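Look at TrEMBL and you will find LYS66, LYS90, SER344 tagged as substrate binding site. According to TrEMBL, the feature active site, proton donor maps to LYS102. Residues or ranges marked as site 'Important for catalysis' in TrEMBL: ASP142. As annotated by TrEMBL, NAD(+) binding site applies to THR185, ASN216.
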Amino acid sequence: MNALAATNRYFKQAVRILGIDSKVEKSLLIPYREIKVECTIPKDDGTLVSYVGFRVQHDNARGPMKGGIRYHPEVEPDEVNALAQLMTWKTAVANIPYGGAKGGIGCNPRELSITEQERLTRVFTQKIHDLIGPHLDVPAPDMGTNAQTMAWILDEYSKFHGHTPAVVTGKPIDLGGSLGRDAATGRGVVFGTQALLADHGKTIAGQKYVIQGFGNVGSWTAKILHEQGGIVKAISDVSGAVKNDAGLDIPALVQHVSIHGGVKGFAGGDSLDAASILAEDCDVLIPAALGGVLTRETAKDVKAKFVIEAANHPTDPDADEILAQKGVVILPDIYANSGGVTVSYFEWVQNIQGFMWDEEKVNNELQKYMIRAYANIKDLCKNQNCNLRMGAFSLGVGRVARATMLRGWEA
Ligand SMILES: NC(=O)C1=CN([C@@H]2O[C@H](COP(=O)(O)OP(=O)(O)OC[C@H]3O[C@@H](n4cnc5c(N)ncnc54)[C@H](OP(=O)(O)O)[C@@H]3O)[C@@H](O)[C@H]2O)C=CC1
Ligand SMILES: O=C(O)CCC(=O)C(=O)O
């Protein structure tokens, strides 16, 4: 099942739980606007290359649309649509005043030089600058993009609209980025994991963790778990996977990756087939890379007791059912990885106020938001007798539906 069909299915289950009218359901489901642009750039050798860029703005009932921009060869319209919709429910679960959007360019950033990435980002921004803005749609980093990408968007946007730091979040600190945003998604994943484990009488320390992906989200999650006494026993990225049953030395692995570009060849562990990482024996499995990795085929081999969805849409509905039958508890993406967009919100607030928070304040506020959202989800699960994914979807969809109905439709 593709990402959009899966996301629509979860949405429709929540609509049934909430008893939402079919007309409102339709209005919530259809994206506000879908943008598709051609981006042609000269490569460094002078030859031309063309890419397709997307921005799907799903909903703005609760505030400006918000979501990352992804550079990856597999970016395609249905997935961007699904990810935009997930952002709408995610910002509502976190209870921050935003709607949802997502964008992407179907390219492989590893095959582009830094100057080619810059040209591509600037061309994409030129094509969409009239449709984004601090009170309209605020992009941020996602897979394959980072603070530098946001700096180029800010610069290009500002040529048209004047200096506007709040047009993007996840930007460099020197350009108005927030302290703590780089680590925020991983830190939020750990706060969420902590809340879930506490519910099951467990703590972060002493549990065994396996993480798929060692980019922004995976590496920060690993670092913070390691600092808190978690045993991170296996990690994979595109280069391969490494494993150490006694726990990987995460700071040493970070250093290895900064030198070699991937986890492969790390001396502090044994190499492992990256394809088998999801089946590794552990307490907590954390997919933190691509979507759609837990399927009917892979879910049956999962040995973890908990799956924390640090990636967006890592679990398709077939896998969801198989894991539930096996008694695996899933912490859903629209809550588990909401720390990133929550600190993006803090960054936007700081930009609008022209004021900078210290990192301790950012992290303390993030913890409050993550604890509050978890409690809200649990209340819904209790009232509706549903699992955490449906608790989170019902919470998010319910909040957006109420805002939509309060605003009303033009007569
Ligand atoms: N950045 C953020 O703030 C947020 C991100 N997310 C989600 O988290 C996930 C990761 O994003 P982010 O960390 O930002 O992205 P990055 O680009 O920083 O990192 C992606 C990581 O995934 C790895 N990867 C890619 N494909 C595979 C694969 N097939 N098997 C194993 N590893 C793979 C990459 O490996 P390599 O480095 O070798 O290419 C890299 O380690 C995405 O689903 C994203 O949507 C969710 C909320 C916020
Ligand atoms: O920080 C943001 O605005 C969005 C992050 C994002 O794309 C996500 O949560 O999936």
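Every residue, even glycine, has its Cβ placed from backbone N, Cα and C.
Small disclaimer: the values here were computed from a predicted structure and weren't measured.
Within the set of binding-site residues LYS66, THR185, ASN216, SER344, LYS66, SER344 have a CB atom less than 6 Å from some atom of ligand 2.
Taking ASP142 (site 'Important for catalysis') as the reference point, the binding-site residues whose C-alpha atoms are within 10 Å of its C-alpha, out of LYS66, LYS90, ASN216, SER344, are ASN216.
SER344 (substrate binding site) has THR185 as its nearest neighbour among the recorded positions LYS102, THR185, ASN216, going by CA to CA distance. The two recorded residues LYS90 (substrate binding site) and LYS102 (active site, proton donor) have their Cα atoms spaced 12 Å from each other. In this structure, the CA atom of LYS66 (substrate binding site) is 7 Å away from the CA atom of the residue listed as 'active site, proton donor'. On the backbone, the CA of LYS102 (active site, proton donor) and the CA of THR185 (NAD(+) binding site) stand 16 Å apart. It is SER344 that, of the binding-site residues ASN216, SER344, has its Cβ surrounded by the most other Cβ atoms within 10 Å.
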